[in-house]
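To keep things clear, I will list the structure first and then write my remarks on it.
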Ligand SMILES: [Fe+2]
Ligand SMILES: [Fe+2]
Ligand SMILES: [Fe+2]
Ligand SMILES: [Fe+2]
Ligand SMILES: [Fe+2]
Ligand SMILES: [Fe+2]
Ligand SMILES: [Fe+2]
Ligand SMILES: [Fe+2]
């Protein structure tokens, strides 16, 4: 299976970068499925139903979330009718929406997408390790599903690498989101799971994590109230990674970072 | 000036990777100066005088530190006699050692190295922004010194990007350390400062931030006391970035990530 | 039912204060049950089986714990045979020991003791609110049990007051531990639950939370490694609160702070 | 000198409790000076100039602040003209207002009031220990000033107790604020400094730290956006402590907690 994952889409520059580059990438990479983290798609904070539809229209199949999933309050309602929009699975019981999606690819193939959130330096949700373990206990990679993607939305590199090893061999791809900076550690772990600590944001990198840089710099230097954060307005970079998996084992065959447009150096075309 | 910076050296695999690849890299890149973060060089925790000398012997010119600088208590004493070993400048007044070093390159050229530590999700030292500002107030890039390198040892991408913009145009290179994962956002900021959120560790990447993965995974899953952390024992990757600067302006001309050996994909040779 | 609760017993001064004052207090207050938090009983860090027995011998009936429960590794083993020694109930599934105890008082009366840990500014265990809710779902105050005591081991006053209101009417007494300082807000909440944000430690108050003050002051001022923390050696104060409950409703009739010995002002004798 | 300190005044119930009880207390205690923390006086968030004047009118002489000092943006401007309104002294250089006030009592006596903020579990300001040390380096208790009061606005009991010992003998009174719960550890430290870990709020205690309890409980249980916090509306308790100092040494002679009205048990009248 040919899977493209895109990191946190931040505001208009992020959405524009996806709209501009994703259609070409789908053809170039012959993707079977495109998953993107959308927690910052709406002006940096949350996501609206309109933006979900906009993202589906340009080629995103499944949208994941994170700590910003609910910044747009309407998401608490419309997520109920959006089986392709996930939020972290380890929110408390009773939270609207779901953290796991089954996606049917052509020719009877299936992809399971899981979204969980870390706890180190973050608001404590339920244990992400136990949460993932519970999901995995009822599926078997290469048997009940052909591939499994885990979007681990977390801050600390230690928690993310620990999760990678925890699921090594049991999922096809464990990819981090949330820090808004791509890491250069794309690899296949010993058990066959593709791993990258963070996919990086789709957004303007001449910024502070996608936001106009004036206000954040001021917040760090002075400890006084500031204006609101607003999304930076330069050209965005599409950031993510592409993984090819073996449909019978579910393990990764190859994993490559993908970057297009904006301030970051583009990755070379895959052949 | 041709500057190579190497991220946190973690234990023996990190030291071995530096010893194996640095001599070749010095020739290949015709480096004028090599700076490396050594806070985890001694079995993952701190640094000894013996290891400092070992690193100098294989081609490191200046060693920076971080929150682990003092894990080997002897560092509190020997750092006084080690002008080339830095610790974060924003430790409280009275802390042994120094956070700034002037390094004389051939032909009368000078490089200033600054080491400060972030505060977001870390033990609060003095304000790193004010600390850097104070250092920069008495130097002028391209006049009193030909190049300035800032090692910002910090956790959060937001604080690191904010620092990058804060010093943009005033230092030659602002590079992050501490997360032990290289970021793929090497760029030259609008004001002429080369920037990368994290240089990545020199260490074994089949690990949890350089440490054998069994114990950290257990710590996240169960919340019970575990065995001590020990350094992973596989082949390490040398990780860092190479920046060429203009000696008269002090601004960056080019910036390239460097990776050699171990589990991460090597960067292509520079021509 | 007449219940005496004692806060975190810290080292020898704490144990001595309990040994000295508890026998008299049991008589004076005609207690039916004495519960004490023992997470710091062994030199400030954890608890041993020997100390458990020492505490039972001077009149403690049930011992609760917290984040320091496992500092003495032997507790991981002996807690299995100690039905009267609790650890926070919201440790991950599979943790040794238990977080709930049924205690049989004379004349067929029953007291349920629950121990959970907060998450704000602490290592994230499972959700304490959900954990308490699960326990309470299978009991009914005044029917299946005559009284329920909840030791909420937590840092933040906001989380503790929120827990108080969350269980108001459903437990007899919700008392906080962990900060090692008694609060002066003993009250009966509108639904009938006695509440005090923190019981305060049994320990030497001429200290920093029970530890000799030199090292902690140094840690705050300088950010360097220090000697180990050691328990302060002055006379300890027994600190806790006494609650009388109605056996048929399980609600609190009265609640009074109790302090004896050491540096804090003693509370007046109850009549 | 006879000094009354009142903890964080939270919204209308807090202001009403002060207005109702302070005039009587001034007479009863024959106070020379009344200091109150006002960071939550305006609907729980910050303070306005109008409320400052209201507090002066009912007998408050000096108002201190904390992390909420700037919640009402107008404070950034009017604090410049308010020598009797303090904010933590360890805000970065360039912050409006001041953290130290000299207050002239009758008959040529002087009281110095210092306000600093802690860093443990809080936004990191400059080092509070160094900040206090700097202020104290230019005054001498019992010589340049007759009394010194330190309002240490901090979360953790350990940091507060450490500060108490750090200034023991050098200030007349070290009192904590911020947790909104009074502690029952009023004491005179060995060096002569009166100490209480937290003064407690002036506000409605049938609440979560002064705020209506519905929303906070919901925030802890579910991790979803909620309505805004609003101040609880029941009768407030005036909370604080009263300290008598020796005018020539500056040391404390006696220290007593003071509570009047609302849900907490009143302290007995002093004779
Ligand atoms: Fe994000
Ligand atoms: Fe996020
Ligand atoms: Fe490190
Ligand atoms: Fe570090
Ligand atoms: Fe404790
Ligand atoms: Fe504790
Ligand atoms: Fe407050
Ligand atoms: Fe506060």
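Cβ from N, Cα, C; glycine included.
Here TrEMBL flags C:68 as active site, proton donor. Residues or ranges marked as Fe cation 1 binding site by TrEMBL: C:8, C:39, C:40, C:180. Per TrEMBL, Fe cation 2 binding site is recorded for C:39, C:67, C:153, C:178. TrEMBL lists C:252-271 with the feature region 'Disordered'.
Listed binding-site residues: C:8, C:39, C:153, C:178, C:180. Those with a CB atom under 6 Å from ligand 3: none. Of all the recorded positions in the record (C:67, C:68, C:153, C:178), the one with the smallest CA separation from residue C:40 (Fe cation 1 binding site) is C:68. Note on proximity: among C:67, C:68, C:153, C:178, the recorded positions of the record, the Cα nearest residue C:8 (Fe cation 1 binding site) is that of C:178. For residue C:153 (Fe cation 2 binding site), the count of additional Cβ atoms within 10 Å of its Cβ stands at 30 [all protein chains shown]. Helix, strand and coil counts under DSSP for the region 'Disordered' (C:252-271) come to 0 helix, 9 strand, 11 coil.
Excluding the listed site residues C:39, C:67, C:153, C:178, the same chain places C:8, C:37, C:65, C:66, C:68, C:69, C:88, C:117, C:154, C:177 with Cβ atoms within 8 Å of the centre of the Fe cation 2 site Cβ atoms. Residue C:153 (Fe cation 2 binding site) and residue C:39 (Fe cation 1 binding site) have their C-alpha atoms 10 Å apart, to the nearest angstrom. The Cβ of residue C:68 (active site, proton donor) has C:39, C:40, C:45, C:46 as same-chain neighbours under 8 Å, each 6 or more residues away in sequence. Of all the Cβ atoms in the protein chains shown, 19 others lie within 10 Å of the Cβ of residue C:67 (Fe cation 2 binding site). Cβ atoms within 8 Å of the centroid of the Cβ atoms of C:8, C:39, C:40, C:180 (the Fe cation 1 site) belong to the same-chain residues C:7, C:9, C:10, C:14, C:37, C:38, C:41, C:44, C:66, C:68, C:177, C:178, C:201, C:203, C:209, C:210, site residues excluded. Residue C:67 (Fe cation 2 binding site) is 13 Å away from residue C:180 (Fe cation 1 binding site) when you measure Cα to Cα. Note: none of the binding-site residues C:8, C:39, C:67, C:153 has a C-beta at a distance under 8 Å from a chain D C-beta.
Sequence-distant contacts of residue C:178 (Fe cation 2 binding site), defined by Cβ-Cβ distance under 8 angstroms and a gap of at least six in the same chain, are C:8, C:66, C:67, C:118, C:153, C:154, C:155, C:198. DSSP assigns residue C:178 (Fe cation 2 binding site) to coil in the three-state reduction, outside any helix or strand.
A 10 Å cutoff on Cβ-Cβ distances gives residue C:8 (Fe cation 1 binding site) a total of 31 other Cβ atoms nearby, all chains included.
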